[in-house]
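Following: one structure in structure tokens, then a few remarks.
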Amino acid sequence: MTEHLPASQVSFDENALIAERRAKLLALRAQGVAYPNDVKREHYAADVQAAFANVETWTAETLEASSHRVRMAGRLMAKRLMGKASFAQIQDESGRIQLLIQSNVLGEDSYAAFKVLDVGDIIAVEGGLTRTRTGELSVKVNVLRLLTKALRPLPDKWHGLTDVEQRYRQRYVDLIVTPESREIFIKRSKIIRALRTWLDARLFLEVETPMMHYIPGGAAAKPFVTYHNALDLELYLRVAPELYLKRLVVGGLERVYEINRNFRNEGVSTRHNPEFTMLELYEAYSTYHEVMDLAETMIRDTAQSVLGTTQVIWDGAQIDLGPIFRRWRMDEAVCHHNPEMSVAECTDRDALLLHCERLKIKVKSSYGWGRLLLSIFEATVEHTLIQPTFITDHPVEISPLARESDIESGYTDRFELFINGKEIANGFSELNDPEEQAMRFQKQVEAKEGGDDEAMYYDADYIRALEYGMAPTGGLGIGVDRLVMLLTGSTSIRDVLLFPYMRPER
């Protein structure tokens, strides 16, 4: 049975270890070799392991008889002293490999120096290859140098990084000791690369738009406020790039996309971080139906490219991205999950208020029927959408930038994609009527004056751009962090952000 030390004892022991390591560093400084910077690495652990993986071909005898030598560097992750011969493991970005260190091969002085190394130190080694009695490929070290002295000990294999908050605060330690965490961020990079490759192949142009806005817009969200000293001007960190991207469509860039950070001054949860990554794209002469097709295919192809499968497990749910995604009108979905409601009632504010009261849903007196319908949807439907589902045809009231439906007044050509009860994407046929957009902006201004701090501002320059004429356009926004959560099976957005927002340590 492993005895776990109390936190105070662990802290005391850690301080003692740090003091011991500082003393070793002081001795190295006295020798003038504290932090050498003249090492050339030529080989990586995973490459060496793969090249000599065949145990029958590469026996200990054939390896030692060969002329193969490696020059490697990495972090010392384990050390086992055994008299005149010892074993160790180093870890580089590709993986780990075992070291066989013998005093008669390395030399007595170097062997003595190895014995006082600490786990966590970064070292360089050279040597031939061999295989142990258990069949493990090993570097038979004849040159060893300390490159970086680690002053703080890594979490031991018993305690580890059990404090989740510490994992987020000290991601540098988490990446060293948690292979699963490292793999998530490698996959994240591959997912973003796959999205770019998919869009580039379809002749979308990647662009960059401002991160600081004079007028925040493009989403119903509370912005962060900053200040430009030289211009004596209040600015806002962007909540979305939408209005700038659509200006580019006006300018004739008919297929554009941007993958970048957005900032929203809102709550923090397992699904929300104040800064997050979004993919937004716009395609001229496209409708929301075609954008749904695009989103579905892109997500499916990205999963297949990165994972080799379209089936994933997310928070205990088996998700299949292979079949055609369901498409379901918001009012029909609400009525399906609330049989006491009729589709006709979905546009009746008084009826919706009664249903909200019955369902104990808190609403504001300023809500119109659109917001009330959304409130019922969020309370009774959203969490049930496990398999990929497009919820379509949102009310105009909650969609100030979307084109109103030609078929049904009060609704828009808009969709949101839900998977396992979480919103992954949002898109619509863009509103390109400048006069209608101006009226919608004015209603947003009135809502803001009425206390809605997430309502949009009036953007006169965007209206001016629309007055030059924007082609019929479809737009899409995908929450990249949530997509990464889906494809890595992560249950918290903090698990897929290298440095998630945390309150400062006291």
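From the backbone N, Cα and C atoms, a Cβ is placed for every residue, glycine too.
Over in Swiss-Prot, the protein carries these features:
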- Glu416, Glu423: Mg(2+) 1 binding site (BINDING)
- Glu423: Mg(2+) 2 binding site (BINDING)
DSSP, reduced to three states, assigns Glu416 (Mg(2+) 1 binding site) to strand
For Glu423 (Mg(2+) 1 binding site), what is the tally of other C-beta atoms lying within 10 angstroms of its C-beta? 16
Could you check what DSSP calls Glu423 (Mg(2+) 1 binding site) once collapsed to helix, strand or coil? strand
